[in-house]
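In what follows, a single structure is set out as structure tokens and then discussed.
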There are 2 protein chains.
Amino acid sequence: MAKNVYDFTEGGREMAGLLGGKGAGLAEMTKMGLPVPPGFTVTTEACRHYLRTGTEPGGLRREIEKHLAALEHTAGRRLGDVHEPLLLSVRSGGRNSMPGMMETVLDIGLTDATVRGLAETARQERFAYDSYRRLLQMYGTTVLGLDRGLFDGALHRMKADRGLTDDAGLDAADLTGLVEVYKALIRSATGADFPQDPREQLYEAIRAVFRSWNSERARLYRRREHIPDDLGTAVNIQMMVFGNYGPDSGTGVAFTRDPATGQRGVYGDYLSGAQGEDVVSGVRNAVPLTELRHLDPASYRALGDFTGLLETHYRDLCDIEFTIERGRLWLLQTRVGKRTAEAAFRIAAQLVDEGLIDEDEALARVTGEQLGRLLFPRFAATGDRPPLARGIPASPGAATGAAVFDSAEAVRRAAAGEKVVLVRRETTPDDLPGMVAAQAVLTSRGGKTSHAAVVARGMGKVCVCGAEQLKVEPALRRFTTSEGTVITEGSVISVDGTNGTVHVGALPLEDSPVAAYFEHGTGDGDLVKAVDRILRRADEVRRMEVRANADTPQDAARARRFGAQGIGLCRTEHMFLGERRRLVEAMILARTDPERRAALDALLPLQRADFTGILEAMDGLPVTIRLLDPPLHEFLPDRTELTAALAAAEARGETPDPHATALLAAVNRMHEANPMLGLRGVRLALVAPGLIAMQVRAIAEAVAERHAAGGDPRPEIMVPLVASELELHLVKTEIKRVLAEVAAETGAVTGCPIGTMIELPRAALTAGRIAEEAEFFSYGTNDLTQTVWGFSRDDVEAAFFPAYLEKGIFDTSPFETLDTQGVGRMIEIATAEGRAVRPDLETGVCGEHGGDPASVRFFHHAGLDYVSCSPFRVPVARLEAARASVMVIQAAPAGRFSGGVPGQG
Amino acid sequence: MAKNVYDFTEGGREMAGLLGGKGAGLAEMTKMGLPVPPGFTVTTEACRHYLRTGTEPGGLRREIEKHLAALEHTAGRRLGDVHEPLLLSVRSGGRNSMPGMMETVLDIGLTDATVRGLAETARQERFAYDSYRRLLQMYGTTVLGLDRGLFDGALHRMKADRGLTDDAGLDAADLTGLVEVYKALIRSATGADFPQDPREQLYEAIRAVFRSWNSERARLYRRREHIPDDLGTAVNIQMMVFGNYGPDSGTGVAFTRDPATGQRGVYGDYLSGAQGEDVVSGVRNAVPLTELRHLDPASYRALGDFTGLLETHYRDLCDIEFTIERGRLWLLQTRVGKRTAEAAFRIAAQLVDEGLIDEDEALARVTGEQLGRLLFPRFAATGDRPPLARGIPASPGAATGAAVFDSAEAVRRAAAGEKVVLVRRETTPDDLPGMVAAQAVLTSRGGKTSHAAVVARGMGKVCVCGAEQLKVEPALRRFTTSEGTVITEGSVISVDGTNGTVHVGALPLEDSPVAAYFEHGTGDGDLVKAVDRILRRADEVRRMEVRANADTPQDAARARRFGAQGIGLCRTEHMFLGERRRLVEAMILARTDPERRAALDALLPLQRADFTGILEAMDGLPVTIRLLDPPLHEFLPDRTELTAALAAAEARGETPDPHATALLAAVNRMHEANPMLGLRGVRLALVAPGLIAMQVRAIAEAVAERHAAGGDPRPEIMVPLVASELELHLVKTEIKRVLAEVAAETGAVTGCPIGTMIELPRAALTAGRIAEEAEFFSYGTNDLTQTVWGFSRDDVEAAFFPAYLEKGIFDTSPFETLDTQGVGRMIEIATAEGRAVRPDLETGVCGEHGGDPASVRFFHHAGLDYVSCSPFRVPVARLEAARASVMVIQAAPAGRFSGGVPGQG
């Protein structure tokens, strides 16, 4: 028969699956000899049995009784003892942290009889009845399923009767009365009395915790976090200890290092004469933990010893909950503590210095996401100036600008050169133009999956959302803070999307010291040293190369400074914007071959200069150049605007401008219902070959120039949007023809690898055939995501991604983190089948996922040769490629999209 | 050592892979004892060896010499004999027919010496020198690679010198002179004399035929027809026989039945005193074969006997090439003959009656494509009226209308209610509106893959293209025939897209007797009987069910008459057009929940009535109803038009119409860059659930009504555009909620299967998970093709499909015939993984491919349960599903898209 209950003395940290995270931590501390209130854990397996069958596993009660007897023995008190009753806490705790999602019942064991014993033992009648009142309420809501409002209402009425606003004003007599009211409430709502049998309380509480695994909010939470539904929760039954006995008691949280900066030393908060829930509810202000040195020097010393032991034991920053009951220190929970990005790097480097971890483990202790945050600009120290408001940090970075309250105003002011911050209650697709125009977006409603948050992240704009203290009144063109400060339109505010704060005025912006270090090689602070040390190790251990997406010599040079080992995507369409748009327009409008050729001839030297500059900046490293990809009509004016302008001119009786008329005819002829899926990429190359012939010639001539200058140019030509091998074959024939032509003219060797993007499902599904033509594959994960999901990125992020994230259909946009089940599977198929045909096939990624941490880890495990990302993300990719190399694949909480992203979930 | 050469007495029809189709047929006839000029075949394997290594297989010459000696013995003449020389033909012949793509050299063996012998033996000097001249030319171009123009030019000059326009006017002396000129040409172009060694001629000709396998045109042809490049051609070396000795000689083609009607009897053409190439070049007019009865009764009788033997032997209509040399009949080739659709059905039924084939083989003898052609309306018998012109039958059916010469005029007249035929030299995307407006499209340029052909087929419009005799002059608004008939704008013409003819005036249209038979159950001609008989057998043997796509009770009833076993796709969006668009608009523009609800409430009874009617028409059979799929903005006016109208109104200083302004705001808000990939399908259901709740309620209430009326309604609810299982789970929960609600209200059982479309790659790739929620899968192959290839159908068919077809990237539009490698592979993955999770998962297809013959066969082999297609295509699908069931999978010429469509290629 399975063992369903483990005493804290029996378990350990490695048993989190069976005992939950909390139970495993309590057992580990018990094993270490630390002062943990005695108790035991009912396993997740017992919970699963209960949820599956509706009944407890056979023998569970017998086991619990056995452990309870041991607990009573250790505690020296008995459950239900009317003189000195043992009280119990019954707390949930699954494998994964699910804060606040499941239930807890404290003070189990109080009855009409034992409450008097407690009052006497504690010599505090008020404390005893306050505890009983709390039990009644928790039991009523958690076990009996009553509405919390019933209890709150009664409490509120009592305070009103006494003319009080604060619970603390209620005296023992009031609370005794409240206990009677609560008992009556339970009786009338359920038809039965609150159970006076402490064992009934205990068993019902355990079952209620079991059931809470399947509460609506817990299911929703798991769906969003992609925690499997079939794990179940453990139940921790533990002797209650009380920090609220009086001034010699208290409760607090301790960190073994400063979680904000990584500084060594004991950090945390302490609240004397209080219970844990009081800290959380913020009824009173806690003091810095260092104060405890004066309040209770013995406990402070002990706490220092214990935290030191725990940190050495866990070899990491720990966060510890503790309670002091009448001068005696108890540890109630420990876990590896959360920390800021900055602290993470400092601590990892420190732990290596201290010999607690090796350099590879240091890689596991920091994340690309943290490094990414360190690269954004931030506000210079704000001093102690309190923020105007705090909201949810939804899209990182820092920005200042004039507050504006609608999209039109944002566009108007931005067009006039002013920096603006768009402030809305919440955003809708109508606000898109304003979001584009603004430096930052601030909303008073909505969370990380709100429209504002999702769209701002997609655009890389700073965003703070859900700043609920703010009253936003667009009609009055102002917002008001909870302190009553009024900010009117045009006032400058500062928004910090990394920490979620909003300040009045323009805070001075400073570059990230880490970014400055990459950019200029300067800076020698602790943080820069820690980052540098960890990235050096990363470069030693990673298998995948990291390249950058860069379209200009400037970007190429920056990418190199950030550690890029080449360019994985050089987009040539960006070279046709601005002044050159006129030439492209001329090419499109050309009515004869000579006109067309003249336009192309004018573009050639410009394009050649582009390539020469980029090849020079990346001398000796590969530069993957993608031939023109977008539909040509993208270079023409907007159809609706042009039509409306001509219609208006006609209505005014004006003679139509012949150029505009010709343009409109071309725009109409080239109009596409779904340009994403239209005449672009290789299709354009096949239907209108002159353009790519010009591009290839520009590349070949640039190579010849660089060779002549003694350089080492290494271009690779990439054909976009291929769906079948024959497309690539035909275009490759044309490319080779032009290369040979230029070679003959210049005498230079201008050959270079020719490959393709794999960005359509069909390309992935026929990769074996395509590999016969392609020397390399570059996965275009943006378009592949669009076609695999049937998502037009331009449309869906604003239209329904917030709802999809809210419903848990995905937990991150598949445009941010690769969908491994769909898009990832395509990549795995293509890589396997491509390599089967061409074993030395080079494979890489040039979509934006190349700089996303979880995606980079997937690409490592998929066996790709490199990732390519924006220059700014190169360090992130270097780090994550290394982490993927050194980290053991965890039995991960099923990854994103419920798929199997290996590595950290 | 491999055997490289087979005498005609050694081979047989089953050896087409090794001996090519022609060689196998010659061997078969030889084996049957029919009079075939003796000869032998060099294998395709020898060709492959040559192409691989550049040298002939070891021992090939020795083998050829051995067979040549035997041939000389049989013929009683020797190669190179100066008195009575043996002449040889050297003809290519691969496994697949590739007409005109590879080379032939006739009259091998003629030299300066033997030509005199031939002249004497034949007692026809002109004939001998004409043959020599032909050999020099064929050898010069084929073997020596000289330009044909060289020879044609010399011939032309000689005729000009003699004042002649016709080759026939050249006498023996002229031809003797021409031979000298040709020999000089060869000498000056190659630096060597024309070889006077007949063996050198023979071996060089064989090598030239080998090489011709890889000529540019042959490669292009194979690419288009998707014939593998590595098969190679066989070479047939055969004694020459001559139909041009004189009036007792001749050549002809015979069919064992009438290939136009299927009528029993000998049909064909005969040309006396002529060679085969003269028939092809159309120099003289052939006479009906029955004339041979008078010209040469003995040969006619013999031919009748032989064709009878061949038909019985091949158990099918054969077409036979023959030559009569001085009263002696020789058979030069036989193959199973091509026939019209009508003939195919009649012949198949006749052969069953005659006991030559069984009913299952009859299924193999007809195709769905033929049956499809029989279902189109056609012109009543045109009498003997010659057509105005003939072109390429590019899109079947028949239509009449006024000729118009540009798109604008087509639109103008059609809007006024006139039927028009758009006549253009060729069409471009600019002609699209005119093509939509026209009944038929007629062009003077371009083939089956031209823009006009591709787009018309996509629209189901009648089209004849490439009618090159027509001179189309849009500027003069007329076209002129080769006879000089002028047709001006507005004149009525009749276009037959099934046979490619164009007539002046409105020919009377008649329904297809086969369609009429399905529609009304009437008709008892031969053809109807044959079709009926074959389809009855088809229904007995097919495994797959056939359903129809139908959105109205009328279509449902028709589908049933055409043999549909239910509705596989009932599109609800079509129910929101016309009058009801106003209600949908009201729903979209609603600013409050009550307004929105009112619009939905008004739609409910209309929608319920739709479903009641359809469920009644399909009583007892499944009706798969798809919830609303398209983006809502499709129900609103066009953005560009509306913007222009409002801009014009503003320019005129008018007060803007508030309704139009509100509409434009909604249109702008809902505008999507790529609506195909936007807010539609299940996404709409999740973001705006009121609409589908109304639809589900309408279904449930319709079911209750039908139950109350004693009916047997069997709806199935289908959720479109699902990409992940959770989407389906959430919508299914909502559907079940509404079904339960209506069940509670009506007391009727309203449960029904709930399934999904698999129309996105991600749905196919995660089919295992989706099958946990879905009770059925219906493959939406239209959207799946769009997303797998990244093709927007609205855009690509006109923009670049003609070029793609031309280049051989595909040989049929993937929207017509399923792309098995990409889309088909997705279907195979999804079916396997879905069934692994849910073994009784029902799978079907509801894209247009469900009515395409090759695709239906693929679906059969992929193991699907049903296909669904337009009512009109139901008989085609029934037939093809049966053919797939009974036909042995052929070692197919790699199927369309080089994939493995089993069955007929």
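A Cβ is built for glycine as well, from the same backbone N, Cα and C atoms used for every other residue.
Per TrEMBL, the feature active site, tele-phosphohistidine intermediate maps to B:His451. The Cβ of B:His451 (active site, tele-phosphohistidine intermediate) has 26 other Cβ atoms within 10 Å, all protein chains considered.
If you look up TrEMBL, you'll see B:Cys846 marked as active site, proton donor. When Cβ atoms from all protein chains are considered, those within 10 Å of B:Cys846 (active site, proton donor) total 28, not counting its own. For the recorded site, B:Cys846 (active site, proton donor), the DSSP three-state label reads coil.
Within the same chain, residues at least 6 positions away in sequence whose Cβ sits under 8 Å from that of B:Asn782 (substrate binding site) are B:Glu759, B:Arg793, B:Phe815, B:Gly847, B:Glu848, B:His849. The annotation substrate binding site is assigned in TrEMBL to B:Arg571, B:Arg626, B:Glu759, B:Gly780, B:Thr781, B:Asn782, B:Asp783.
The 10 Å shell around the Cβ of B:Glu759 (substrate binding site) contains 27 further Cβ atoms across the protein chains shown. Annotation source TrEMBL lists Mg(2+) binding site at B:Glu759, B:Asp783.
Annotation comment: TrEMBL describes B:61-285 (among others) as domain 'Pyruvate phosphate dikinase AMP/ATP-binding'.
Among the features that TrEMBL reports, domain 'Pyruvate phosphate dikinase AMP/ATP-binding' is placed at B:294-347 (among others).
Here TrEMBL flags B:418-500 as domain 'PEP-utilising enzyme mobile'.
Among the features that TrEMBL reports, domain 'PEP-utilising enzyme C-terminal' is placed at B:532-884. In the predicted model, the domain 'PEP-utilising enzyme C-terminal' (B:532-884) shows an average pLDDT of 94.
By the Cβ criterion (distance under 8 Å, sequence gap of 6 or more), the domain 'Pyruvate phosphate dikinase AMP/ATP-binding' (B:294-347) is not counted as touching the domain 'PEP-utilising enzyme mobile' (B:418-500), fewer than 3 such pairs being found.
Cβ neighbour count for B:Gly780 (substrate binding site) (all protein chains, 10 Å cutoff from its Cβ): 26. Its own atom aside, the Cβ of B:Arg626 (substrate binding site) has 26 Cβ atoms within 10 angstroms in the protein chains shown. Cα separation, B:Asp783 (substrate binding site) to B:Cys846 (active site, proton donor), rounded: 11 Å. All chains included, 30 other C-beta atoms sit within 10 angstroms of the C-beta of B:Thr781 (substrate binding site). A distance of 7 Å separates the Cα atom of B:Cys846 (active site, proton donor) from that of B:Thr781 (substrate binding site). Look at B:His451 (active site, tele-phosphohistidine intermediate): DSSP puts it in a helix. Neighbour count (other Cβ atoms within 10 Å of the Cβ, all protein chains): 17 for B:Arg571 (substrate binding site).
The distance from the Cα of B:Thr781 (substrate binding site) to the Cα of B:His451 (active site, tele-phosphohistidine intermediate) comes to 23 Å.
Other Cβ atoms within 10 Å of the Cβ of B:Asp783 (substrate binding site), summed over all protein chains shown, number 22. The Cα atom of B:His451 (active site, tele-phosphohistidine intermediate) lies nearest to that of B:Gly780, taking the binding-site residues B:Arg571, B:Arg626, B:Gly780 as the candidates.
Mapped onto DSSP helix, strand and coil, the domain 'PEP-utilising enzyme mobile' (B:418-500) counts 21 helix, 27 strand, 35 coil.
Whole-number maximum of the Cα to Cα distances across the substrate-binding residues B:Arg571, B:Arg626, B:Glu759, B:Gly780, B:Thr781, B:Asn782, B:Asp783: 15 angstrom. Those residues of the chain, other than B:Arg571, B:Arg626, B:Glu759, B:Gly780, B:Thr781, B:Asn782, B:Asp783, with a C-beta within 8 angstroms of the mean position of the substrate site C-beta atoms are B:Leu569, B:Asp629, B:Pro720, B:Met757, B:Ser778, B:Tyr779, B:Leu784, B:Cys846, B:Gly847.
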